[in-house]
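If you look up TrEMBL, you'll see 6-28, 40-60, 90-111, 123-145, 207-240, 332-355, 375-401, 422-445, 475-494 marked as transmembrane segment. The feature coiled coil is assigned by TrEMBL to 249-310.
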Amino acid sequence: MGDFNLALVVVAIVVCVLVLLFNVYLLVNYQHPDDKNQAYFPKFVVVLGLSIAVISILMLPADVANRQACHHAIYNGSCNLTLPMKTLWLVVYIADAVFVFFFVPFAMFYYEGDQDKSVGRRLLSALLWVGVSVVACGLALGILYGTVGKVDFSVRHLSSAATTFPTSWTEFSRNQPCIGTSARQCAAYLATASESTWTMRASLPEYVVALATIVGSVLFTIFGGVGIACLPLGLIFSFIRRPKAVITRSQYIKEATELGKKAKELKKATEALRHDEKNGSKGRKWRKNVKAVEKELLLLEDDMKALEEIYPQGERAETAWAMTVLGYVGKLVLGVVGLIVSVAWVAHIVIYLLIDPPLSPFLNEVFIKLDDLWGLLGTVAFAFFCFYLLMAVVAGAMMLGMRLVFITIHPMKWGATLMNSFLFNVGLILLSSISVIQFCATAFASYAQATAAQEIFGHNLQSLRGIKYLYKYNIFPYTLVALAAITFLYYLTFGWRKKKPTARFQLSS
């Protein structure tokens, strides 16, 4: 068997099956009642897309475990690796790119198509939209790969004089380890070094992964930078703004009446937009009004839920209020834990990535010590920190969607999530997962050293022509830390305030 680790193969198969079953469970429990027993193709895309994203995150710990099976090997080439990780990385990430740029958009176009049209016409319309997107992406990829799809490695040349092989080693000692009379200064060290650039053509699969990583890095930096702060702080300030006691029946009737009026206004606005859609008036103003209505509907649902919390009804009203109180306490606990993780992430980025040379390995050293304590402990902690970044991306997209008109809102709610929201978040997670892995491979370089992921996302990606400067000057980490700081200050300034009642809603004319 040599270095082959059968347990690693068994664990990889079991984890893939568990991930698939868990994603099916999420789909069943999060889906909207209107989507039950229908929309099977979008559901298939959601389950398989989420599985690819989760497995891609788990592949980096697997890559580390795969390399640790060769800890007795003197060099990498002498080891019979258990899993062909470089091939698996390329397969997973090309599948990721195909899902992001083909299957997810196709499923969204088909699902959001006009329900009055036949299935054939909806399929044809979705194929046309996706076909145009694929041709545009293919042309852009071909032009970029043909012109700048090369890797520029900086090479340092060192030379040394040669000597006959000695018959005895008496002339060498701790104080004289090199040939010659200069102690501790070998000929190659003393020689004048010259640097040059070694250029080679990048493979097409690696270039596809690189471009997808760049696109994902932009989204990851914006949404992740905002989300890494708003994810824990949103939970903490939700506890601070919690209702302190139940309201009276008269207060409930007053609040319910106001919500009813707002619901009627939104119904009229929705009917007007539907009328404009049938008349073909789907311009820029129409799309802006649709997003505004979606935002108001989401706020209305939140207000209704909040009203139900502060005025529980039925035979188990006291139990419902107790569960509400416990729910807010749970948010506080999760928020504090998340805040610790977010602070650890930001501190690690500053200490290990932005300061050159790094002040400390920090989390790298933590994971290594956890592995020494128990084999899987460091791997589990590492996977948790990577998953946390993905959750931050979704939280950041939700927060910005609520405050910026040009970002569409796609909330994930238990038992009330439509397939288009599922597909949007799956696409966002798939696209961001590539960047999360690249970011983790860089941030945890000491922990993930000598892995296939580091070869792909480290040396090759950071040496691609035109792209390498984004990584050379740490553009993405600086932007992420800056957005996290701005979001943190925003929550400290406005997060504690209770939401004011919104004015009467009107469509923009």
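Backbone N, Cα and C define each Cβ position, glycine as well.
When the stretches 6-28, 40-60, 123-145, 422-445 are ranked by Cβ pairs under 8 Å to the transmembrane segment (332-355), first place goes to 422-445. For the transmembrane segment (475-494), the partner stretch with the most Cβ pairs below 8 Å, chosen from 40-60, 123-145, 207-240, 375-401, 422-445, is 207-240. Non-local neighbours of the transmembrane segment (422-445) in the same chain are 27, 30-31, 42, 45-46, 49-50, 52-53, 56-57, 59-60, 93, 96-97, 99-100, 104-105, 107-108, 111, 209, 212-213, 215-217, 219-221, 223-224, 348-349, 352-353, 363-364, 367, 382, 385-386, 389-390, 393-394, 397, 408, 410, 412, 451, 453-454, 457-458, 461, 471, 476; each lies 6+ residues outside the stretch with a CB under 8 Å from one of its CB atoms. Away from its own ends, the transmembrane segment (207-240) comes close to residues 89-90, 93-94, 96-97, 100, 141, 144-145, 149, 328-329, 331-332, 334-339, 341-342, 345-346, 389, 391-397, 399-400, 428, 431-436, 438-439, 456-457, 460-461, 464, 467, 470, 476, 479-485, 487-488, 491, 495-496 of its chain (Cβ-Cβ under 8 Å, at least six residues beyond either end).
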